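Take a look at the structure below.
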Amino acid sequence: MVNYPHQLKGKKANPTPFKTKKSTVDFANRGMSFEAAINATNDYYLSRGIAVIHKKPTPIQIVKVDYPKRSRAKIVEAYFRQASTTDYSGVYKGLYIDFEAKETRQKTAMPMKNFHLHQIEHMASVLDQKGICFVLLHFSTLKETYYLPAKALIDFFQIDKGNKSMPLDYIKKNGYEIIQGAFPQVPYLDIIEQNFLGGDYN
């Protein structure tokens, strides 16, 4: 039985969506990938003392190592291993932040093949410890980005494991659209503040 954080107990994931003026800024038009935009956002938060959130390194399986010199080793063959948890983690206002980021070119749904059981289990464990856990979902063709609480993702995964994709309508109903900005590009802390903490990080 997963005990979700107190911020999510007894309330729908999207009771009063936080709305801001629609921005015309699009990080893709500036030659940035979704991941790069998130990293730039985290750098912005860090440089201003707002939050400390970093991308977790991708685990690597080393297969072959050469030793051209006794004092120097050279990796000549290695493979990326499947990540065991999520993409990002850190601290904001004393709260543990943990999230995954996914992107798709589809217009109506997010492929569930992008999520693995061990990631779902990790998110549930974070919620058990009262952490703030969520996924950032970017629809590149639509140029839309959403914050979906981990609870909503876990519920969908548990109820409809055989479904090949999560409908955009479900994401809109249970999540929050993130309005892209110039600085930061993906202001996801705005969603946390306005909908879960009820404050302002500025």
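Cβ atoms are placed via backbone N, Cα and C, with glycine included.
Note that this is a predicted model, so its numbers are computed, not measured.
The annotation Mg(2+) binding site is assigned in Swiss-Prot to Thr85, Asp87, Glu100, Gln119 on the grounds of sequence analysis. The site 'Transition state stabilizer' feature in Swiss-Prot is assigned to Lys102; the stated evidence is sequence analysis.
Annotated features taken from Swiss-Prot, shown on the structure.
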residue : record                             : Cβ within 10 Å
Thr85   : Mg(2+) binding site                : 17
Asp87   : Mg(2+) binding site                : 19
Glu100  : Mg(2+) binding site                : 24
Lys102  : site 'Transition state stabilizer' : 19
Gln119  : Mg(2+) binding site                : 21
CA pair Thr85 (Mg(2+) binding site) / Lys102 (site 'Transition state stabilizer'), Å rounded to integer, equals 14
Thr85 (Mg(2+) binding site) -> DSSP, reduced to three states, gives coil
